[in-house]
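Please read the structure below before turning to the comments.
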There are 2 protein chains.
Amino acid sequence: MFNTVALVGATGAVGRIMRQLLEERPLPAKTFRFLASKRSAGGTITFRGQDHQVEELTKDCFAGTDLVIATTPDEIARDYLPSAVEAGATVIDESGYWRMKEGVALVIPEVNPQDAINAKGIIASPNCSTTQMVVALKPLHDAAKVKRVVVSTYQAVSGIGLSGTKELEEGTHMHLHGQPYNYTAFKHPIAFNCIPQIGGEKEAGYTSEEMKMVYETRKILGDESILVCPTCVRIPVANCHSETIAVETERPISPEEARGLFESFPGIKVVDDIGSSMYPMPLNSTGSDLVYVGRIRKDLSHPNGLSFWCVSDNLRKGAATNAIQIAELLAKHRFGK
Amino acid sequence: MFNTVALVGATGAVGRIMRQLLEERPLPAKTFRFLASKRSAGGTITFRGQDHQVEELTKDCFAGTDLVIATTPDEIARDYLPSAVEAGATVIDESGYWRMKEGVALVIPEVNPQDAINAKGIIASPNCSTTQMVVALKPLHDAAKVKRVVVSTYQAVSGIGLSGTKELEEGTHMHLHGQPYNYTAFKHPIAFNCIPQIGGEKEAGYTSEEMKMVYETRKILGDESILVCPTCVRIPVANCHSETIAVETERPISPEEARGLFESFPGIKVVDDIGSSMYPMPLNSTGSDLVYVGRIRKDLSHPNGLSFWCVSDNLRKGAATNAIQIAELLAKHRFGK
């Protein structure tokens with residue numbers, strides 16, 4: 001088993017869910033440590049029946065730690081995680097900073113587990129909107145090679161963190177009462193609105209969130225020829241991202257074949273009966289670790305096209321769950337359990 | 001000028017806006033009549049400074065009326081509008097019933113005005129999600145021929161009518177207070193959720209709303225070769241539909257050329273500066289008669305592809321405004337004003 005597992009960013013929105021997952025799921029480890037910024041250090045976290053003091057994250061705090069699971073802003077990941085690697089730890093990073101770096105593994109356990117097993121140094125967990133899409137694309141790619149993807153996202157405010165959830169609730173309340181509300185986590189009011197920008201401008205008029213979907217998809221699937229056209233949109237939903245995905249494959253995949261491929265892939269659940277108004281939705285996907293797929297149908301505009309709808313809990317499979325699953329994968333490989 | 005103009009469905013969500021538009025804009029007519037179902041008949045409407053009694057819609061109520069502008073459910077349009085044509089009236093219909101019928105004109109005044117001028121009998125106004133997309137596609141189609149469109153919609157609850165708006169407000173209020181709410185206008189809770197179904201199942205797993213976008217687009221643009229892959233999604237926004245549109249044209253159109261084409265087309269306003277977080281959004285498009293376009297960029301997944309974002313007030317340009325503009329077009333053609 002692991003000797004010491006450190007959870008970095010233990011007090012944030014994703015860190016909370018990671019702790020919850022580590023309570024529920026038996027990652028084998030002797031000791032757990034909880035690290036956070038100076039602001040949150042000193043507090044107490046109760047975990048597996050014991051109180052733990054939250055330690056301050058520093059560059060020399062990693063001695064004796066063999067696994068680090070980190071969920072922090074990009075700059076913190078950039079500044080602190082190399083010290084963890086130097087101290088000999090395996091590092092699983094949820095931030096965006098390391099994902100596309102040469103030599104860093106970018107892993108979804110259902111999709112490319114071997115990349116985690118072969119990794120030296122940091123193993124990155126992908127962006128939330130990418131993860132659920134790539135889980136859904138993988139069985140199609142294996143069966144018929146994905147050539148092109150047009151994806152539009154319907155993203156929840158929890159992706160911003162606790163402030164996003166708080167401001168959606170407060171802003172909506174004030175809107176219903178005809179009162180103004182001063183948003184700081186969003187560039188525009190989010191209550192009863194949608195904002196077609198997530199992240200800053202990156203290149204060619206695309207945002208950073210959109211370009212993550214382009215580049216991370218190729219790296220995880222190990223295929224630089226895959227073309228992706230994304231539009232990322234924030235909508236007034238508390239939790240769970242939804243996506244419309246139109247995919248072109250080298251040979252046509254019928255909706256029936258696609259349904260079978262999705263159903264036999266680990267981590268995917270098909271909910272698909274439009275006649276009975278059954279399909280995945282944010283409200284009924286929250287709290288689950290699965291990627292839900294529905295509205296599976298032939299793309300009417302392309303002979304090799306398939307169109308579907310995909311929903312997943314962005315804080316869980318899109319972040320915390322995927323990182324913990326990577327840790328579990330490593331434990332199984334190293335310790336056989 | 002018109003002798004008598006009758007507004008059918010005068011008391012509904014779209015009917016209210018039609019009256020408002022007819023107050024603001026000088027459609028030349030001697031007399032206006034307001035018709036509604038038996039339930040709403042007998043009430044009083046104040047219009048252009050005069051009180052009018054709401055008359056009951058019957059099959060023999062159209063004698064002496066030369067223009068009918070109707071916004072009713074499909075079955076009412078089916079049952080009553082032929083009587084208006086027989087009585088000699090020109091009929092502009094906002095419902096879905098007549099749009100795809102042989103011999104019925106389907107018109108957006110900026111796009112295919114001649115079809116209204118040549119029409120005998122009913123002139124239909126398109127579905128809201130189709131109208132804003134086709135206005136945006138038309139200048140691209142004229143310049144470089146549209147071959148394929150992948151569209152995902154983010155549709156407001158006002159598309160359902162007054163009950164949609166009421167249930168979004170009430171359901172959101174109850175959700176914020178942790179209370180259940182019994183929705184009747186929606187198949188699932190809409191507060192803080194999105195529902196990937198608008199209309200019933202139509203064909204091949206697509207909904208009626210989606211198939212409207214396929215067929216109406218071809219009819220309005222007069223090009224049966226245009227391929228459309230739509231996904232229509234209801235989101236918790238009060239008013240204005242948004243759409244992501246990925247379009248392939250016969251020759252490539254650069255974002256710069258597209259911007260110029262959009263800007264010189266009547267009825268379109270470009271709001272497009274991602275660096276300054278400027279783009280169209282539902283909250284700042286409501287109450288306008290324009291189609292707003294932003295996020296104009298090259299489709300990274302196709303050499304002849306262009307991707308953009310489009311927002312419009314579904315009750316106005318998507319419904320009331322388009323019908324009134326058809327009436328104005330006819331007035332100008334017949335009476336020169």
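Including glycine, each Cβ sits where the backbone N, Cα and C put it.
A helical conformation is recorded for B:Cys128 (active site, acyl-thioester intermediate) in the three-state DSSP classification. Residues or ranges marked as active site, acyl-thioester intermediate by TrEMBL: B:Cys128.
Counting Cβ atoms from all protein chains shown, B:His241 (active site, proton acceptor) has 29 others lying within 10 Å of its own Cβ. TrEMBL lists B:His241 with the feature active site, proton acceptor.
The Cβ neighbour count for B:Thr11 (NADP(+) binding site), using a 10 Å radius over every protein chain in view, is 19. Feature annotation from TrEMBL assigns NADP(+) binding site to B:Thr11, B:Gly12, B:Ala13, B:Val14, B:Arg39, B:Ser40, B:Ser158, B:Gly159, B:Asn314.
Neighbour count (other Cβ atoms within 10 Å of the Cβ, all protein chains): 25 for B:Arg99 (phosphate binding site). Taken from TrEMBL, the feature phosphate binding site applies to B:Arg99.
According to TrEMBL, the substrate binding site annotation covers B:Gln155, B:Arg234. If you take the C-beta of B:Gln155 (substrate binding site) and look for same-chain residues 6 or more apart in sequence within under 8 angstroms, you find B:Ser129, B:Ile198, B:Cys232, B:Val233, B:Arg234, B:Ile235, B:Val237, B:His241, B:Ser242, B:Asn314.
Residues or ranges marked as domain 'Semialdehyde dehydrogenase NAD-binding' by TrEMBL: B:4-119.
Least crowded of the binding-site residues (B:Arg39, B:Arg234), judged by neighbouring Cβ atoms within 10 Å of its own Cβ: B:Arg39. Summarising the NADP(+) site geometry, the residues cited as binding it (B:Thr11, B:Gly12, B:Ala13, B:Val14, B:Arg39, B:Ser40, B:Ser158, B:Gly159, B:Asn314) extend over a maximum Cα to Cα distance of 26 Å.
Looking at B:Ala13, B:Cys128, the recorded positions in this record, the fewest other C-beta atoms within 10 angstroms of the C-beta turn up around B:Ala13. Per-class residue totals from DSSP over the domain 'Semialdehyde dehydrogenase NAD-binding' (B:4-119), listed helix then strand then coil: 31 helix, 33 strand, 52 coil.
Of all the binding-site residues listed here (B:Ser158, B:Asn314), it is B:Ser158 whose C-beta has the fewest other C-beta atoms within 10 angstroms.
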